[in-house]
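Asker: The structure under discussion is supplied below as structure tokens; questions concerning it will follow.
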Amino acid sequence: RVLAESLAVLAVVLAVHGAVWDRFSWCALALALQAFYAQFKWDRLLQLGGAVFQFRGAANSGLLPASMVIPLLGIVLRERCRAAGVVPGERLGVVVASTGMLLALFLSVLALGITKPVPTNTCIVTGVAGGVIVYTMKHSLAVSEVIEVLEVLLIFVYLSMVLLYLLPRCFTPGEALLVLGGVSFVLNQLIKRSLNVVEGRGDPVDFFLLVAVVGVVLLGLFFTVLFLFMDSGTWVSSLFFHMMTAVLGLGVIMPWLYRLIQRNPLLWLLQFLCQTQTRLYLLGYWTLLAASACGVVFYQNAKRSSESKKHQASTVTRKSFHFIVVATYVPGLIYDRQLLHVAAVLCLAVFIFLEYIRYFRIKPFGQTLRHLLSLFLDERDSGPLILTHIYLLLGMSLPVWLFPRSCAPKGTLSGSGALVPYSGVLAVGVGDTIASVFGSTMGEIKWPGTKKTIEGTMTAIFAQIIAVALILIFDSSVNLNSSYAWILASVSLVSLLEAYTTQIDNLLLPLYLQIMFMA
């Protein structure tokens, strides 16, 4: 299974290398080779219980697929911005690629350092790959960019030590690399832009994303440390939680956002949401969908109460939320992507805040949320946090947030790049959902070493091709320029990765599909 997953990832790396063909794509090949060797060391550490922290069980380390995401995103971003003649975007791509490679190397070296006896061959491969990458970075990065890469690495190290200790069994090493690496990069970008706010002319929408992500993470760290010394389930602690949330939100996060966008954040958000009639219609439509999702949760819990034998929601029930999310995102992508961008940020902040209430048992809703969400748990929610729904939101939103608007003067990229914002809808909303539903109900022939079926994978590929045809019909801004063979290859590779990966597919698959579309 690990070998098949690795082959799918290597096929993506080779496809990007063939499309880009520069020194960074050669570095990506070297990184993929060393990550392939190093992930077996991580897998062995997890099996023997020799890892420094407690990682999520029932999954391999996922080092190779996770190690390649950030570097490949940086490489394809650099290539797209270079073709558009946007120098700042090109330099950002170089920094992203270099940062991803350095974080992946750090995680590999960490595994080699705690493996006994020291694996000589893997050390040699890692040393050679690291030498190639460092040599390329030396001749590609300015001094300020080197400092920026090292800052992200330092933030990543500290965040990893704190969060992996406080949240055992929530991540695999690969998932920790993706999530904590992304948060570290966002935090560093926010600090950088806050210091250069006079010179910055960034979009308030981008600042809103950065401040929201950093704000909810810092809020969680603050309360996690605080509730180590006091019981979080009492009314006094709950009142303190709500008061401190208001103080931190109004006293730190709002002024920070005001400094960046140079206007009142609440007034700006209100004006932004009510700017056009289309936005009001979309907000009303999304409110109805949110109410229907809550209705599904309450109905399933009422059904569980009446049927004591049924303790967990079925696959079809859990995947119904994917259909609701698709119905949410597609109109936003067609009619107003900026509104979808901001609404997804708000939804992420609300999801994480509700998870804090559930995790800390904050009164009056903490225990109720624990009871309602326990019905929808699966084997991936083995730690103290329930992250599946947050990963679903991230998987749908990341292609929208990471879309290189500055490198797309007309609001869309050419060829398969026009489908980049739809990567989450296609990979998770359509492909993963159809594969799970059809595979669990009608599939008989299983892929070797997995519970996934060939029928589910084939149906998922077919469904995504139909979805692309419907996007062409309803979204006039999408022009594929005869890149149909590349789209078919991209969808097929990502569907094969879905069949074999043990990582969080809601997070991994959209990013790989976005990489393929941008390449």
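Every residue, even glycine, has its Cβ placed from backbone N, Cα and C.
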Asker: Scan 34-54, 454-474 against TrEMBL and say which stretch is down as transmembrane segment.
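Answerer: Matching range for transmembrane segment: 454-474.
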Asker: In TrEMBL, which of the ranges 172-192, 382-402 has the transmembrane segment annotation?
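Answerer: Here TrEMBL associates transmembrane segment with the stretch 382-402.
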Asker: State, in range form, which of 149-167, 207-229, 279-299, 382-402 has the highest count of Cβ pairs under 8 Å to the transmembrane segment (89-112).
Answerer: 149-167
Asker: Grab the same-chain neighbours of the transmembrane segment (149-167) for me: Cβ-Cβ under 8 Å, and only residues 6 or more beyond its ends, written as numbers and ranges.
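Answerer: Sequence-remote neighbours of the transmembrane segment (149-167) are 52-53, 55, 95, 98-99, 102-103, 106, 137, 141, 176, 180-181, 183-185, 187-188, 191, 221, 224, 383-385.
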Asker: With Cβ-Cβ distances below 8 Å as the criterion, list the same-chain residues six or more beyond the ends of the transmembrane segment (339-361) that contact it, or say none.
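Answerer: That would be 205, 208-209, 212-213, 215-216, 219-220, 223, 227, 232-233, 237, 241, 245, 269, 272-273, 279, 282-283, 286, 329, 332-333, 367, 369-370, 373, 384-387, 389-390, 393-394, 396-397, 400-401.
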Asker: Please work out which recorded stretch in 279-299, 422-442, 454-474, 486-513 has the most C-beta pairs separated by under 8 angstroms from the transmembrane segment (382-402)?
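Answerer: Of the candidates 279-299, 422-442, 454-474, 486-513, 486-513 scores highest.
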Asker: With a Cβ cut-off under 8 Å, give me the same-chain residues at least six positions beyond the ends of the transmembrane segment (422-442) that come close to it.
Answerer: 315-316, 319, 322-323, 325-326, 329-330, 333, 392, 395-400, 452-453, 455-457, 459-461, 463-464, 467-468, 471, 491, 494-495, 498-499, 505-506, 509-514, 517
